[in-house]
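Colleague: Provided herewith is a single structure, encoded as structure tokens, for subsequent inquiry.
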């Protein structure tokens, strides 16, 4: 192999405390927004309508929280997970400055944990990634951990360091960029009359609708984020792999589930935090994705009576409607149809 090409990092290439500045900065355009909308059909009013966003004190319609996440995440793939077997989870994700078309995002990651697996062939790398805009304002930070192959199974194992991971992002750490006026908040345009006050802890919502994944669409979405993980693209190689076909990028499932959640959570303006997330089973083209959500917590935001926070678990399934809320069995094992277990916090207007 030429020394000028990049094979990606293997487990033994990572060092505790290592900082990685990822290529390439990305200016988000109106075209990116249009393509994202065409891929997922998101109907949330905040990111669809500039007048609606302006009624909440913003200058115009912002970039969808998850489009920000995917672009920040995509920057990390060539350095962190090009040789990954699996992306294992997320924690401590916090959205910061509002992102608008024309903003340029870049990402830096720090290795905060390493643990070699017992087989000696792989290890788990924990990274804290930070995305910033052109003014170095943090737009997103999160922790993720990923299982990565070793180049040499005989390479010595590093000292095991597993970081303490937060259970959730405290409400006091949430960025709340909106100001809601009951007189100006248009429930008809938002798509639902149900606000923060109308949800109860433990309430479960079947989002009803399903959407089938197309091969071209999931690959186009992954390219949109400049995510280069070969398992999503290279059928020539993956045909001989564990599944015999390309795997759908897990973030594609997150965005599909968020879009489906409009039916039941239409006033969830944006995602303020990612508390945890697991891709519990792989998804493939031809799978039909359904979703349901549970309200885990209702949180009043200190000093605010116009807006509150809901901690939500959204579960996505493949080829299985969610009228009976499939999740885990008595032993804690996931239903085989569950492909995503996503715990996040949304901002939602309160009744005046």
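Think of each number as a place in line: the chain as shown, counted from 1.
Keep in mind that glycine also has a Cβ here, set from the backbone N, Cα and C atoms.
For 62, 63, 64, 65, 85, 86, 87, 88, 96, 97, 98, the entry in Swiss-Prot reads substrate binding site, with the evidence type similarity to another entry. As annotated by Swiss-Prot, domain 'MaoC-like' applies to 16-129.
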Colleague: Any idea which of the binding-site residues 85, 98 has the thinnest Cβ neighbourhood at 10 Å?
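Modeller: Checked 85, 98; of these binding-site residues, fewest Cβ neighbours within 10 Å: 85.
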Colleague: Specify the count of other C-beta atoms within 10 Å of the C-beta of residue 96 (substrate binding site).
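Modeller: Step by step: centre on the Cβ of residue 96 (substrate binding site), count other Cβ atoms within 10 Å, giving 19.
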